[in-house]
Amino acid sequence: MGMATYAVVDLETTGNQLDFDDIIQIGITFVRNNQIIDTYHSMIRTNLEIPPFIQALTSIEENMLQQAPYFNQVAQEIYDKIKDCIFVAHNVDFDLNFIKKAFKDCNIQYRPKKVIDTLEIFKIAFPTDKSYQLSELAEAHGITLANAHRADEDAATTAKLMILAFEKFEKLPLDTLKQLYYLSKQLKYDLYDIFFEMVRQYDAKPLDKSYEKFEQIIYRKQVDFKKPTTNYNGSLKSLYSKAVDQLGLTYRPQQLYLAETILDQLMHSEKAMIEASLGSGKSLAYLLAALMYNIETGKHVMISTNTKLLQSQLLEKDIPAMNEALNFKINALLIKSKSDYISLGLISQILKDDTSNYEVNILKMQLLIWITETPSGDIQELNLKGGQKMYFDQKIETYVPARHDVHYYNFIKRNAQNIQIGITNHAHLIHSDVENSIYQLFDDCIVDEAHRLPDYALNQVTNELSYADIKYQLGLIGKNENEKLLKAIDQLEKQRILEKLDIAPIDIFGLKASMNEIHELNEQLFSTIFTIINDSDVYDDDIHRFHNVFTFETKDILKDLHAIIDKLNKTLEIFNGISHKTVKSLRKQLLYLKDKFKNIEQSLKAGHTSFISIKNLSQKSTIRLYVKDYAVKDVLTKQVLEKFKSLIFISGTLKFNHSFEAFKQLFNKDVHFNTFEVNTSLQSAKNTSVFIPSDVASYQYKNIDEYVASIVSYIIEYTTITSSKCLVLFTSYKMMHMVQDMLNELPEFEDYVVLTQQQNQNYKIVQQFNNFDKAILLGTSTFFEGFDFQANGIKCVMIAKLPFMNKHNAKYWLMDSEFTSTFKEYVLPDAVTRFRQGLGRLIRSENDRGIIVSFDDRLINSNYKNFFEQTLENYRQKKGDIQQFGKLLRQIQKKKK
């Protein structure tokens, strides 16, 4: 890092409009030689009003600035401190432009010689971080940030993270550092000087034994699993007793019974369904059963879970805790499909790609660092999004494996016999095929949260043709000889002529004409679909915020598909007899497109269930065509039921109408299942009241405003009496946002944080909700399950409507052909299951007390009410108006104390 001084600057302002807003706080942390050497901080007075949002964000109020200097009073002092420093900030353009403008207003011309953006640094240094927001970076790297959005603390935190990043860079192998230096020349800011100094000052030494080299890539050496040596001669009961004792848990006979039941089914190669009530301690039970099975038989067990969160909990928390408690070394590994793991040949190809793109350049640098760290090569560790993900996916699709390639999936195959417990998820379990031979090495499988399997199976059997995807894939080939893969082919043809390469001539002009025609045919195809949408009945899917067309003629679509497939075939003929790697990449891309169109064509010709979706009715670019290729029952039977000798399905909500029959009907093979129920919810249900308002009118679309107002009234009553947090569940984004708008306008909620479900932000929102004492979380179907509601006071879940899927929902349409009565056999069981999962958000421990409010009077007035009443039979139920609701809250509050 040398002896340069870095001025790490953070500003708080009245807003983000450069020509209007003012600085109200400045914090500077000075760094030299990886040490903080000085700090500067000042509030800055302004004549502008500070907007309420900025006051809430920064905790800076106008009275705090009354004694502060104006910027022109400290401008010279600040300038003198930073004029010779490298200017550093997180999202540097904002801070740099504001401070340059402020200096200019004081007749000071500030032009830093070098500028560094820590957002750029942190993306490169920490390639697996889920977020690059300062507060989340600080949390991820163990740095305390007590007051985010305060300039002094933000500047200090940014500086500490920058030091961590620089120290990480300095420890990298020299070859990696050199490649980072060359790539950094294409960045927006002056990081290349930093890398140059690091390379120049590098203490030359042999490559550390923990690394190996593939071509130009330095990567972390993979360490094989040792054969497990779990010496234990006792019973499962004594193993369970030791585990709960060492872990400080309560000995629960029902939890032991669950573990013993699972072990017995594994030992006898049985198929079983187990409903273990929410909060019964399923994870510990099945982990101990799987471990005991391995100890007694030497066989390993696959455990499939619903979410990445639960996967991480098992591998990073539960299994390490068991190892410590039992003094074992359990070999457990996350297992996915082959395509989820990196190959070094693919990284090499990406590094050699001359695509001139900022995000691609960042990706190359991230890959160089990530591959020195990752023990697994799991691509999802990179959390790729947007353009980076699309680029990476395309590179995977067109990658022609290099000779002597190193593929991380082979490490898992090599170590499979020494893995005692394999952890996967439902999507991978269902997707696995013959090529994914790792799955064939497991004879025994435990499926947790098994009620979610049908959703993943439906995703697996549904094929999609998206305008945006096809347009992107075609764009990667290009339209002329100056773009993408066509440019590479053009250069190859020139090389053939100049260097007399031993390959057949390539018809560049014919190829260019063909690609232009393919682009035009694709536009014609989606224009045809767009016309069909405009001429058809369109139904809104509010949950997914799409518009769907379910009934349409396919003749014109098939005609356009045939034309584009025919043109792709003729284009592929241009490369007959040419085996050069550049040609192979283009052929692979063209074949990918051809297969995409061909699969859709074959399914439509066969009359498979299909529908058209469009996000914006006026934009052709948002069109997607979906076709269901296979029956969900066929896939679940083939990919799950027939794959394992012993198979145990576990969930808190497998039963419907006191029976497992609804779940059994998801398989098309008559197989005997042993069924068990482990119910620990009886005691916790006694701590829960279910309240059904009598003063809320039955929901009708025309009275939605009145219905929403009633929900808000009950939220007001609840928060006024309890001052506690509340989860409100909806089946419609429209209703959710109507409630949000009303809450934000009411003075009763000025000291409450109102959080709303957002795409790809659920985990973060849940964290925020659990951290605040006064919070209201508004969510849709996602939050009916898989969400641990934490609160010190009374817990409340309000259910706006019973979670039925609408008959215009795509799932309803796609599954309709698989049932005699879709509502009775699929929709109703699904709604009851989701309702039960919603109840489970409330009571997660014996000490929890809470209340469930269901506004939907179908719970007690419909002809299917008894199916829901069965789920509530252990709960205390009360029907009444809002005054009686308030009275009940006070009673619960009194008991809680």
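Glycine residues also receive a Cβ, built from the backbone N, Cα and C atoms like all the rest.
Keep in mind that what you see is a predicted model, and the values were worked out from it rather than measured.
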Feature motif 'DEAH box' in Swiss-Prot, mapped to one of the ranges 44-47, 448-451, 868-871, 892-895: 448-451
Cβ neighbours of Ser283 (ATP binding site) where a neighbour is any other Cβ within 10 Å: 18
Leu278 (ATP binding site) - helix vs strand vs coil (DSSP): coil
Secondary structure composition of the motif 'DEAH box' (448-451) [DSSP: H/G/I, E/B, coil]: 2 helix, 0 strand, 2 coil
The one of Gly279, Gly281 whose CB sees the fewest other CB atoms within 10 Å, among these binding-site residues: Gly279
Densest Cβ neighbourhood among Ala276, Leu278 (binding-site residues), 10 Å radius: Ala276
